[in-house]
Amino acid sequence: FSCDGRGYILGINKLLHLIVYFSFLQLAVMTVTLFPIRLLMAAFMMLLAWPFAFLATVGRSEDSVEPQCFWRRLVDIILKIIMRVMWFAGGFHWISVKGQRALPSEASILTLAPHSSYFDAIPVTMTMSSIVMKAESKDLLLWGTLIKFIRPVFVSRSDQNSRKMTVEEIKRRAQSGGEWPQIMIFPEGTCTNRSCLITFKPGAFIPGVPVQPVVIRYPNKLDTITWTWQGPGAFKILWLTLCQLHNEFEIEFLPIYTPSEEEKKNPLLFAVNVRRIMAKALGVPITDYSFEDCQLAMAEGQLRLPVDTCLLEFAKLVRRLGLKSKNPEKDLLEYGTRAMKLEGQKQSLEDFAQFLDLPVSDMLRDMFALFDEHEDNRIDVREYVIALSVACRPAKTMDTLKLAFKMFESDNDGAITEAELAVILKTALGVSRLSVSRLFSSIDSKDTGKVTYVLIGLCFCGVVPSCGLFCIDILSSLASNGIFCPDFSDGKTDGLHKNRIKRFILI
């Protein structure tokens, strides 16, 4: 990979959140005094809300909305009060509301960002708007009944057509002219640390109806709220938050955004424009990270990607070029076979386009540039196949290495040289340069000048203890090279480099 170091926004882990802890004395006192009281109070409020939610859902149709009678409206008010008392008990004493919430007939969809915690449920309980949730949630004791009260759109993970059905249901409700409750959607699709807005998923924008952007803030001196993939767990977040004397929360309803005819036809454009408005209101940059990038970065495998890996930029281009198929195993096998026949011959941009059966475009040039390490307008397509394998199946490290060994072996003996191993691993990690000398020498104990896939497999499975030296090689190599990925986003990143967090994780 060739990373030219432009920009810093991709050098920050949007999913990482570190807490500067309370003083030990303060935390100890709060843990034995305030924390249990607040926890019991929140649990009591949940129990108190259950019978009201149960009564309101008895005999109610799931497919249509009947006129709300007086007692159902009364239950709605009671539940809002109970939920507000619950949040008050948790330390959210004052909730700052800016702007005016639109009526369901004016904007049937509310798009909220940034999504950073389960405390983002506060606006849901304030408005009793519908949300999109996994179908399994409705079967949870107590919580399931409260969820069903707000008429959520359920998503089934076991149903292959679930995503399509969910979009159709959102579209049906959004186009009902305000008959259904408003749908509250977090278009980022995952939790971040609020340092920027990542790519919005198009689900909220496919109906092509006016939406109301809503931004949320937690302006606390100590951030115990943020719950990301890397960082404190759910209970620790709850514990530390309930140990604070006061927690601040702000919600701002922005003006209704009515899509143009072009945006109605192009939900992605609609999403981009709404995201830009919300980022401006928050005063944060935007980045082309997406939920899929989060999955790639956090995938559990023998090799974990460095924070500054270029594979995230590569994965984005793969999606935009439509190169990620429904049957990646078959495609990777085909690509690998074709790459082997080239026997390492470097390919031009036109050759690369022919290899992928795509026309030459700016996006293809960007992808080509990632592999044009020596800037001689030539690349080795075997590196592309390795990177595609990691992007399509990030948790299957050994399958990627097996495919790579097949492509690089020269004498049909399943063995490769140190230089070839370096190419394979640096491509799999998405970095520019990488030293594998210690790893190679520890595996090649007989000093043959080559290693096999079997020996590499034993190394990564922990059978060869001396392979732990590879971690030192990786860390020193990456740190000394100061590798960063190109930034193709249109957000400003001034000053963000000061808070860059470097973490290199390798098993």
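Cβ atoms here come from the backbone N, Cα and C positions, even for glycine.
Since we're looking at a predicted model, the values are computed, not measured.
According to TrEMBL, the feature transmembrane segment maps to 7-29 (among others).
The transmembrane segment annotation in TrEMBL covers 35-56 (among others).
What TrEMBL lists as transmembrane segment is 77-95 (among others).
Regional average pLDDT for the domain 'EF-hand' (359-394) in the model is 90. The domain 'EF-hand' annotation in TrEMBL covers 359-394 (among others).
Annotation comment: TrEMBL describes 396-431 (among others) as domain 'EF-hand'. DSSP places the residues of the domain 'EF-hand' (396-431) in helix, strand and coil in these numbers: 24 helix, 2 strand, 10 coil.
According to DSSP, the secondary structure content of the domain 'EF-hand' (359-394) in residues is 22 helix, 1 strand, 13 coil. Sequence-distant contacts of the transmembrane segment (35-56) (same chain, at least 6 residues past either end, Cβ-Cβ under 8 Å): 72, 75-76, 78-79, 82-83, 85-86, 89-91, 142-143, 145-146, 148-149, 238-239, 242-243.
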